[in-house]
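Student: The structure is given below, and queries will be raised subsequently.
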């Protein structure tokens, strides 16, 4: 009975969520697009000509937002792919419906076959921005969940270390709770500038937050 009440409460909040309605109206696949939008507007992350990698991209709302931003910043004299000034590569183990001008690679980005496909698209270029809305399946057991969250952040940090430009940036989703301070310390070890971000589009009840790291301390 309690579970049913929880599901009904979540459904009510979801249906009446202004960001859900806005996403439906503006064609985004998920309300998460507005989290990236708010952070981008604050920190000026996405700019014309960039190479952007979206980790754990499905269903694709972050890639959609990045694509729309690079389309708006298109220059007439720019060398571009399709309708954008820049390159967006979306990676996920899950399938994802195509997005115009976005390269999608399905698979585990730790595997050689996926990395080979990534390198083919990069064609020798380094990455300007890595964005990750990845989240593990949470069990409700604090210690276990903290380890899973830290592991996902570690994967993004390792990917960024291997592919970012020295002045590049990494934005990852995280959660306040046990282990959060350790994740922040790892960011500070890897990046010169580290800042937490809690966009208004994140639900008030959620412990979800984001960590932004800029400028690698030890470029590869």
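Yeah, the Cβs are placed from backbone N, Cα and C, and that goes for glycine too.
Sharing the features that Swiss-Prot gives for it:
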| type | residues | note |
| --- | --- | --- |
| ACT_SITE | 173 | active site, proton acceptor |
| BINDING | 60, 62, 92, 108, 133 | S-adenosyl-L-methionine binding site |
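Could you give the neighbours, burial and distances for every feature on this list?
Tutor: Long-range neighbours of residue 173 (active site, proton acceptor) (same chain, six or more residues apart, CB within less than 8 Å of its CB): 132, 133, 134, 135, 208, 209, 210.
In three-state terms derived from DSSP, residue 60 (S-adenosyl-L-methionine binding site) belongs to neither a helical nor a strand segment and is classed as coil.
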Student: Have a look at the binding-site residues (108, 133) and report the one with the fewest Cβ neighbours inside 10 Å.
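Tutor: Fewest other Cβ atoms within 10 Å, among the binding-site residues 108, 133, is found for 108.
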Student: The record names 60, 62, 92, 108, 133 as the residues that bind S-adenosyl-L-methionine; what is their largest Cα to Cα distance in Å?
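Tutor: Comparing all Cα pairs, the maximum is 19 Å.
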Student: So how many other Cβ atoms are close to residue 62 (S-adenosyl-L-methionine binding site), meaning within 10 Å of its Cβ?
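Tutor: There are 29 such Cβ atoms around residue 62 (S-adenosyl-L-methionine binding site).
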